[in-house]
Amino acid sequence: DPSGSPHIRILPQETFEDICRLPSDSGDCLRFFEMWYFDGTTCTKFVYGGYGGNDNRFPTEKACMKRCAKA
């Protein structure tokens, strides 16, 4: 974008919820980042390699629960 404005992508509600149904995916690299994913019931810690993977990946348990836990 020549204007230099950031791009904002709006996800449909079903896509938003589907992210939380994806399996944990450590990605394609061999680095070691402790991250959190939603396992269908709760948020669980896993090791992320730093590249690739899917969007069911959060920096904190709180961020994971906020996004995926049902009230």
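Here, residue 1 is simply the first one shown, and the rest follow in order.
Heads up, the Cβ atoms here are built off N, Cα and C, so glycines get one too.
Remember, it's a predicted structure, so these values are computed and weren't measured experimentally.
Over in Swiss-Prot, the protein carries these features:
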DISULFID  CYS20-CYS68  disulfide bond
DISULFID  CYS43-CYS64  disulfide bond
DOMAIN    23-68  domain 'BPTI/Kunitz inhibitor'
SIGNAL    1-22  signal peptide
SITE      LEU22  site 'May bind Kv1'
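Location within the structure of each feature annotated in Swiss-Prot.
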residue: CYS20; record: disulfide bond; Cβ contacts under 8 Å, 6 or more apart: PHE38, ASN56, ARG67, CYS68
residue: LEU22; record: site 'May bind Kv1'; Cβ contacts under 8 Å, 6 or more apart: TYR37, ASN54, ASP55, ASN56
residue: CYS43; record: disulfide bond; Cβ contacts under 8 Å, 6 or more apart: TRP36, TYR37, PHE58, GLU61, CYS64, MET65, CYS68, ALA69
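CYS43 (disulfide bond) falls within a strand segment according to DSSP.
Mean per-residue pLDDT, taken over the domain 'BPTI/Kunitz inhibitor' (23-68), amounts to 94. Cβ neighbour count for CYS64 (disulfide bond) (all protein chains, 10 Å cutoff from its Cβ): 23. Reduced to three states, the DSSP call for LEU22 (site 'May bind Kv1') is coil.
The DSSP secondary structure for CYS68 (disulfide bond) is helix.
In this view, CYS68 (disulfide bond) is surrounded by 22 other Cβ atoms within 10 Å of its Cβ, with every protein chain counted.
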